Amino acid sequence: MGAAGVLSLAGVLSLAGVLAGDSRVQTAGTPLPLDLGRTVPLGEDALSPGQGLDCREVRKHNSSEWCHFIQSNPDCQLEGGFLHYLEGVFCVFPPRLLPLAVTLYALWLLYLFIILGVTAEKFFCPNLSAISTNLKLSHNVAVFSLMSPLHGVTFLAFGNGAPDVFSAVVAFSDPRTAGLAIGAVFGAGVFVTTVVAGGIALVKPFTAASRPFLRDVIFYMLAVFLTFMVLYFGRITLGEALGYLGLYVFYVFTVVLCTWIHRRQRREGLAPAGPWEPEMLTDAEEPEPSGTNSGDYGEEYRPLLPSQETSLRIFTTALSPLDYRKWRRKPWYWRVFKVLKVPVELVLLLTVPVVDPDKDDLNWKRPLNCLHILTSPLLCILTLKSGTYGLYQIQGVFPVWGLITLVGSILAIITFITTSNEEPPKYHCVFAFLGFLASAMWINAAATELVNILRTLGIIFQLSNTVLGLTLLAWGNSIGGKGSAVPQCHPRGTHLLLASPKVSPSPSADTFSDLTMARQGYPRMAFSACFGGIIFNILVGVGLGCLLQMTSSQLVVKLEPDSLLVWILAGALGLSLVFSFVSVPAQCFQLGKAYGACLILYYLAFLCVALLTEFRVIHLSTM
């Protein structure tokens, strides 16, 4: 499957996300009224058509008028989502308990980031890897040589960047939150290319891979320049939106071509492997996985005699998100974090099937997978349009969710009768597509709530969406916290354990994962991920986010940066890339602690300037 095919798959998925996040459709038969003639201001929140009051003006009124202001002002109506955060904080909580409401919202914001991370790591990425394996992207050594880099910059980039891309698409779907998207895309870029890259150099000084670094930085600078021009002209046309996606396709082609040239030179003895460069394992070198569920102990807990488990035991075992042997070995802070994740993992296990090519049974759990035939479609229909489609009644009598329940129950019973516990059916790969769609709907639902709660916090504290995007949203999507040393998107067919940075195996902007890789002796791989992974986020996030807002009658999305902060953000990202582009070759690609310290100090200076600009300490003088 080519890169264009992967991008089209991402486009279809993102389109489903936009549909799920837009609550303006009231019935299943109503067309999407996407009015894109409206201007999308990025520095300030947009005003609803015909409404002159900004929702952030609510705090300037008497506290007794807050609730009426929120309920009567169209600008205070949040698009999509299941919870009405503004009414909750201004109508449910009394004014004296506003700090409590803000605290609860902040905790819920952190938990939404956990939901995004768990869903992407344990459900979205494994199903994405299973799909790529079933599509035979790499099933032998010859195909593996060229397809593994393509795998890293398409499927794996999409898996690791799913929360960022979904957040951008959801934010672009509403003119009032478009600043969140630009702020998050640029803010994450500045954070990753300074704090994360600098942290890697501080943790483990190393020699950077020259050609991959220059390639990724040049492409990223092109992407930033393209976005800067879009902001300068105040609009993005259909051709420019397609240009974002086309540039990423060209980047994929360049990665594959460079990898092919490098490996040919190595076979001819012209390009020996450099220091700190882990080698990629082939099918012959890779040990076969045991296919057991024995956790970290492997053969020690394998039963001596084969035994057949009952369906009830398989069901209860598959639903357990805890490995008790692993629980005893882990430190207390890991246990606390695991307790927070258990409710999320339990709900996801009930609604999202996972096909794991690394297991002999492909993670076939007959009773649970049969339940997924019912719960996954039900989840999709109830999260689509925030439940609008699911609650729609056919002919005013029978609800759609009832029809889905009836059909799903019949299919689940047929599947349970015609399959066995020991061997997965031939159509088991269908569950990977079902799990892929279900996990995507979960990510989209969490991203929608995330955008809405960030806008609510911006209204409470009278902050622009841009500063919220470059701080909270960018930090949440970049810091990560999955607790894994290596990115989890790795298909069995490619054996991407610790691949060479030359092929960008798993572009990731996960700070914890990158720093952990650096401590384990793989700083080049982590450093390459800093610049290679976020290329996908900016090109696909902005490109798709604007493309999906266009209609046949309106092929232009207006983007007008009304705030100086947007230009400071764009300039800071461009300057950080130019600094690395010049200083890294000047050091002969020998990156030490001085380079890392400079990058971190640069980010702190940028953050101070951004906050001073937000609070009008730094501003342009008006004539």
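In case you wondered, yes, glycine gets a Cβ from its N, Cα and C as well.
All TrEMBL annotations are machine predictions without curation.
These numbers come from a predicted model, not from an experiment.
As given in TrEMBL:
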DOMAIN    106-256  domain 'Sodium/calcium exchanger membrane region'
DOMAIN    432-479  domain 'Sodium/calcium exchanger membrane region'
DOMAIN    509-611  domain 'Sodium/calcium exchanger membrane region'
REGION    274-297  region 'Disordered'
SIGNAL    1-20  signal peptide
TRANSMEM  97-120  transmembrane segment
TRANSMEM  141-158  transmembrane segment
TRANSMEM  178-205  transmembrane segment
TRANSMEM  217-235  transmembrane segment
TRANSMEM  241-261  transmembrane segment
TRANSMEM  332-355  transmembrane segment
TRANSMEM  398-417  transmembrane segment
TRANSMEM  429-447  transmembrane segment
TRANSMEM  525-544  transmembrane segment
TRANSMEM  564-582  transmembrane segment
TRANSMEM  594-613  transmembrane segment
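Below 8 angstroms of C-beta separation, residues 85, 88-89, 159-160, 162-163, 340-341, 344-345, 348, 352, 439, 442-443, 446-447, 449-450, 453-454, 456-457, 460, 472, 476-477, 480-482 of the same chain, each at least six residues beyond the ends of the transmembrane segment (97-120), sit close to that stretch. Same-chain residues lying 6+ beyond the ends of the transmembrane segment (178-205) with a Cβ under 8 Å from its Cβ atoms: 40-46, 164, 167-168, 171-172, 220, 224, 227, 231, 451, 454-455, 464-471, 473-475, 477-478, 509, 511, 514-515, 518-519, 521, 523, 526-527, 530-531, 533-534, 537-538, 541-542, 545, 559, 561, 566, 569-570, 572-573, 576-577, 580, 590-593, 595-600, 602-603, 606.
Remote same-chain residues near the transmembrane segment (332-355) are listed as 111, 114-115, 118-119, 122-123, 126-127, 130, 318-319, 321-322, 362-363, 368-369, 371-372, 375-376, 378-379, 428-429, 431-432, 434-435, 438-439, 442, 481, 483 (criterion: CB distance under 8 Å, separation of at least six residues from the stretch ends). Long-range contacts of the transmembrane segment (217-235) within its own chain (CB-CB distance under 8 A, at least 6 residues past either end) are made by residues 42, 182, 185-186, 189, 193, 243-244, 247, 251, 254, 531, 534-535, 538-539, 542, 556-561, 566-567, 570, 573-574, 577-578, 580-581.
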